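Inspection log for the structure reproduced underneath, given as structure tokens.
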Amino acid sequence: MQKTLKKYFAIFALPTLIAFALAFLIPFLMGIYLSFTEFTTVVDAKWVGLRNYIEVFTQNQDFLNALWFTVRFTVVSIVTINVLSFALAMLLTKGIRGTNLYRTVFFMPNLIGGIVLGYIWQLIINGVLYSFGVTITAKPEYGFWGLVILMNWQLIGYMMIIYIAGILNIPPDMIEAAGIDGASSFQILRKITIPLVMPSVTICTFLTLTNSFKLFDQNLALTAGAPSKQTAMLALDIYNTFYGRAGSEGVGQAKAVLFFIMVAAIALTQLYLTRSKEVEN
Amino acid sequence: MKKINKVLALTLSMLIAATTMTACTSGKGGASGSEPGSEPGSSASEESTPTGKGGEIYFLNFKPEIAEVYDAIAKDYEAETGVKLNVVTAASGTYEQTLKSEIAKKDAPVLFQINGPKGYAVWKDYCKDLKDTELYQHLTDKSMAIQSGGGVYGIPYVVEGYGIIYNDAIMQKYFALDGAKAKSVDEINNFTKLKEVVEDMTARKAELGIEGVFASTSLTPGEDWRWQTHLANLPMHYEWKNGNVDLTSDATKEITFEYADNFKNIFDLYINNSTVAPGLLGSKSVDDSMAEFALGKAAMVQNGNWAWSQISGVQGNTVKEEDIKFMPIYIGMEGEENQGLCIGTENFFAINAKADPAQQKLAEDYLYWLYSSDKGKDYVTNQLGFIAPFDTFTDDEKPADPLAREVLDWMGKDGINTVTWDFLVFPNQTFKDEFGAALLEYAQGTKTFDEVKQIVVESWKTESAGNNA
Amino acid sequence: MNDRKKSGGLLLSVLLGLLALLFLLPILVIFMNSFKGRFFIADAPFALPSAETFAGVQNYINGVQKTGFISAFGYSVYITVGSVAVIVLFTAMTAWFITRVKNKFTSLMYYLFVFSMIVPFQMVMFTMSKMANVLSLDNPTGLIIIYLGFGAGLSVFMYCGFVKSIPLEIEEAATIDGCGPVTLFFKVVFPILQPTAITVAILNAMWIWNDYLLPDLVIGRQYKTLPIAVQYLKGGYGSKDMGAMMAMLVLTILPIIVFYLFCQKYIIRGVVAGAVKG
């Protein structure tokens, strides 16, 4: 059958492959190439070697600031989102009446797009800050925590669902047995529940990690980097470098390549961790 | 079985063909007649020949507040000539950015605008020589056009003025109060007096029934052009004027921001005597300010005559037309008693030299139609509210709105020095954005004015040196 | 003991109820503000509409007219439905092909698809939108092709995982019955793939419906999808109209919520499956 199927390459694989080449492969390779050139449109690229990469760090501090902001944001998001969603998952697996309804409500924000989320929270946060005579642009910390709250609101429900699936996988008799042996509920949590939901923890950690690290829409809509680019994350900084003014497209592309390398490194770590876990089990 | 295979294969190939076809034909913008990659002019197909029916002009509009009027014009123009005017409007503060990405496209804008010599320097490869166009022949003051080496590359299409708009009803109410610092607006002809009056008005705002003298100083990114561009024009105007700087030379590549303190004077006055606390300005928009003025919550607001539609369009508007007046922006310069409004333009039409010549011609025809036909002129004066700088307009074909009238009045006053729009040589949008962001931080108290000054000077230098020309 | 458990349960219910309310609050605030006059929103978002501030449906009228909501909604539906349909079908075919035909080329393809999943959009945003323009793909239909290409990675990967688990015997039996590959795929394989197809459809629909930057860069000046229309409200008309903004936010969220309430089961299942595999 393999032989016959092979002849049908044009029908089965070609459409996807063409689209893939146009939308991803060629742009990706061109992107790498362009990061070593100076260009405004693709046709006028001039080779400049590593200059763009040097300018990423020397032209101004924007990229490093954005990187630092992104890292801080990501770490805080991972911790808060996972702790809260795990707690919610624990509550919702206790068989309380209306569990399904709660699950529905908590998950809902996840479906709303980033731009819309950004404007919703801009209104709310400004509304609260108004009573103190300031707005979200007053201090970078406001924008930072605003983004954290937004991200929590969006992702808690999602992560909660994954944790619920993990918790429901734990054989109930294990917990029952521990209870009979006199283990306190905290001990059960620490010695049984948490170790057994570790796979979910890994998944959720990496989901929050990549989602937070690559955040763009929410950042753009909530603060757009205000005040003075101090709340701009990496993706937004790259966008601004590209489209902010003529002449720095090469630097923007170089930033994008660096960004790609960071994201790829995260993904590979994840792959490595999940692989080694699987072997362990 | 074979049959099904064939049918499927056929459907699939048709699907692919269909998507590629629609991809080609439903392509947007002007080049409905030209194939991808064709050289400009090589395929002036029938539908885009200027004499025949049809064709399309892609116009990238700079003024979002009048985008709706342009849509109406487009409808009428198509009905009359069969030529489709495709109006795309860039969001406030993003024109340079939008133009940059659009002009590099295959179906690039045919008609766009440059904001002066700086804009011309950036886009000169795309600016067609308009010396022989009909519209240019009718330009009243030829020196206003953007010229270079004997060619004309940008035609100004509107004269605008800005200053401090005030509500005369509130002012009269104040002047009638006991111990008012002035008895008429004529007495307010310098910064010291303005400050005195404004601060006294703030102290008595309850009596006057206002929430603040000045409408909110909008500092949301994209809503801050009234300060980082228009207000900043004054100190820069004086810096160059007093230093005898030739604005066309490279001498403008660096500035000292000599009159930063004067800028601070007026800016402080704005934010400290306003309807809202300075800390809240980061969420205010131009629209908010204009509404506060229209609803009588504020007595003054800095803006230009283009803001008329924003004032008149507010529901529950309490300001009477005859009470809306202009005064110059005083910043404490010597001899400013004779200073007038800031009048000029940053709106120059340019035609894309790299577009299909047939389309270029269509764009020229459209421009001439807009500024010479009765219908076009009616749109220009009454809907767009433009003071048009062309001799095709008679004296009574001027906008009737109070702000435009005021601008015309101020232009005709004897012994008054109109302030020119020198912000045309500000480096670029990035500079303005950084200036605006610094002002926001200053208003919120997270930056000192010295830091703002430093940012202005440095950003100016970096952005002027940038390879953006 | 029993009593304590009961009161504990009650406490929990109250806590969860409050939390759920907190989760819904932002949406309720937006909904409430969408009926207030545009100048009464930003300053006091938590104040209920009063006689002075109540604006009726004016914001909705302004919003719909100004932003061209109807056309934006139309484009969003067209692009999302079109892309999802194309992705669900074509990547299933591709995944089946590269799993069943084993050679260097197909495994290279597989790795390229997987690789594309870890590349952030910013890496290709400039070159891709350039490419789309040069090839005249910068229109809603062309965007569907772009989405097929850019979404292929995850979808192929998910299908592949599932195809591997289909016993070859089923397909072989059908081949002996005289089925050609195309019939085999549509009559036998694709129906088996249905659960994954639903997951793929949901993940892609959520992504494409809410996607902002890609459509903005590729077709944003001429065709506005919902997220673009919302973003354009800020500054696109000279200034930000908060009232229209609120109304647009409500109108954008509403279809998602309705859709979610009807297909909740599939959505949650799909998202979990996607998370575990991705």
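Glycine residues also receive a Cβ, built from the backbone N, Cα and C atoms like all the rest.
Annotated features, as they stand in TrEMBL:
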DOMAIN    C:73-263  domain 'ABC transmembrane type-1'
TRANSMEM  C:12-32  transmembrane segment
TRANSMEM  C:75-98  transmembrane segment
TRANSMEM  C:110-129  transmembrane segment
TRANSMEM  C:141-163  transmembrane segment
TRANSMEM  C:184-209  transmembrane segment
TRANSMEM  C:242-262  transmembrane segment
Note: vs the transmembrane segment (C:184-209), the recorded stretch with the largest number of Cβ pairs under 8 Å from C:12-32, C:75-98, C:110-129, C:141-163, C:242-262 is C:75-98
Contact call for the transmembrane segment (C:242-262) and the transmembrane segment (C:12-32): at least 3 Cβ pairs under 8 Å, seq gap 6+: yes
Per the Cβ under 8 Å criterion, with at least 6 residues separating them from its ends, the transmembrane segment (C:141-163) contacts 79, 82-83, 86-88, 90-92, 94-96, 98-100, 110, 113-117, 121, 128, 132, 135, 189, 193, 195-196, 199-200, 203-204, 207-208, 214-215, 218-219, 273-274, 277-278
Spatial neighbours of the transmembrane segment (C:110-129) not adjacent in sequence (6+ beyond its ends, CB under 8 Å) are 98, 138, 146, 150, 152-154, 156-157, 160, 213-214, 217-218, 278
